[in-house]
């Protein structure tokens, strides 16, 4: 797994994810300097002096996933607290555990998440948490594309201002460095006051960056906002200027039709986390309705404590099946559309030049091993991927032409060391 | 993978699945003559002259899954038809394809399903289809415990009677042979007339066997029954005598409170298929409500054409998360209860002597490889299994003391041959 600048993949079934949902059998993909130089029928491939040739015979090549909402240090809290009321979960388990987090443990937990993401075919993630230096360190080492943000809350005077100043420092330090970007992040309407929402909108405009925020995740927060502020959280985001910058709204389970119209009008992106929304008993986001109103919908996993997997494969089936099952329309969110939500739409929303496997795009792609019993017969590759595929089928993940994961091995991490470190830090959490 | 009569598994984390949800660290499991001779702390294990010792250090041993509703020959139809209206799906795709099925292709498709089930930790399956001889052949070769049934429909005079006679022959031929049982199976209320339902109830009583039937899967069938017969499908099952025999009701998405009370009173078993119910746009079964009323609820995958995986791991999370997300109670269907629905409750419902790993029970168990990044930290093994586990983590499946699957290899099948045969028969389906 050394870094080669010229890689040729031969004999793949290529799921292009383009507008025509083209699938090319016996395809060749040529990668040069981090970009796709050619992707199409093997017989039409130009001469190419590859440093490495990968025989993908029988395998599928597709764009990698964009995990649009996650909190990677929470990998330290998987299975730490389940099946609890939200307030019990937060106050007796998650908050005390987060209080014990350190720069080092946040780094190792983030490294565990990088491994989980890379091994499951993710090429880009959109993150919100604290300990951003630790996350940045893990992200840079992994080679994944990461959009980081420091969650801002305003529990007491001065706190939000300090966090926002920190956010600006992080932006200056990391934005545009390697594969990193930095957004601003008001945690949520119920944890951030209106004045700070306005300040964040202004700063995002000055910096020319995006804003990542939890929006209308639970019925309670949505209705409390309406009662106390006379408007929905999304309407408040318009009022405070947040919809005027690139806006990334996580969850949106309880948004109104008017909210959807506003998000469509302002070009906001919905980051839906269907599994987390069910597990935390928040509900089911009306994705079909949003998309019919022209809202850009993408998918994310949320953190490992509330899912409990960082698996975009599972988010795809949950998203599609929940829309079918709650609209009573089996045609809702067909396979090809669902794949786009999990890959291309996320990449486009983050301003990445990938999500489609075609010449000129960044080489952010994954290879799927089809040796398992579920890939035969092969009537429809896209259906197989979306409805029968699994994390475990990913045999190679490439970001910007770099192979960061292949056949169980990581280019950037010793999995044994990562697990040992996590186990060590978990002992601290077990004593709480 | 030869058949040994005495196997000792050492240093496992044992998820017993017993009433106290005990997990034993550094456990030993001794298997003799198909039964568990000892399961408990390694330090207390008696002397045992094992023919094979398995070092399970770091791995989890748990009871295998009971897949309570499936149609195994439909493995030939995975990804053959998705995202379609039910009637289009049936009339233009599934029925014409089923018409091309043969004894041989049904056998190979069933073998593919046996591989999929065994590799994903299933030890018993409850089946309804036709080509039962082909299914029985595959089931017997696999070593899985199979409860087979021939679906009976009454589209024209005489047809149902012929199918019921065939069912009786199958019962006499296979019931109690090796690990097979045979139930009777009226396909559904909307495909079987009342007279035949009564005949089936009588025959089940005479034979001392159970009845497996689709019940209230869609709102349409439930409401049509009420309109045409003046009662719900479950009420009709009582009237026709079906509730008087061991009754296995698949789906039950639209059952009324009174239906639930009847099922609890008569001891019927619900076979819930949460993923299939979403994908086919049928809805979400009210499992929490059923269980509160005392109904025995178990889980199944349905066939590969309507899921599209035979994965009890995924049914567990769908079942639990859907109940949490639709009752708005994150405490609904906690991990340990969910594991029981997928394992022990199914085994008990089928009259099997397994579902708990303890001395005296049949050795129907699976071993889970915890090397993956998701099993660290290890705060709670049951939470890890139910919320973070996957098919791919299964490294060994044992039925009645026989290791039928281990580390990617099947004791009963050449996976390359099975795939080649499936691909061959798929060519016929592609021409329809």
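Using the three backbone atoms N, Cα and C, a Cβ is placed for every residue, glycine included.
Going through B:19, B:133, B:302, B:329 against TrEMBL, the one listed in the Zn(2+) site together with B:69, B:71, B:214 turns out to be B:302.
Distance noted between the C-alpha atoms of residue B:302 (Zn(2+) binding site) and residue B:217 (substrate binding site) is 12 Å.
Cα of residue B:71 (Zn(2+) binding site) to Cα of residue B:217 (substrate binding site): a span of 16 Å. Distance between Cα atoms for residue B:214 (Zn(2+) binding site) and residue B:98 (substrate binding site): 19 Å, as a whole number. Neighbour counts of Cβ atoms within 10 Å were compared across the binding-site residues B:98, B:217, B:302; the minimum falls on B:98. Neighbour density at the Cβ, taken as the number of other Cβ atoms within 10 Å, is lowest among the binding-site residues B:69, B:150, B:187, B:214 for B:187. Same-chain neighbours of the Zn(2+) site beyond B:69, B:71, B:214, B:302, judged by a C-beta within 8 angstroms of the site's C-beta center, are, in sequence order, B:70, B:128, B:250, B:251, B:271, B:273, B:276, B:300, B:303, B:306. A sphere of 10 angstroms centred on the C-beta of residue B:71 (Zn(2+) binding site) encloses 23 other C-beta atoms.
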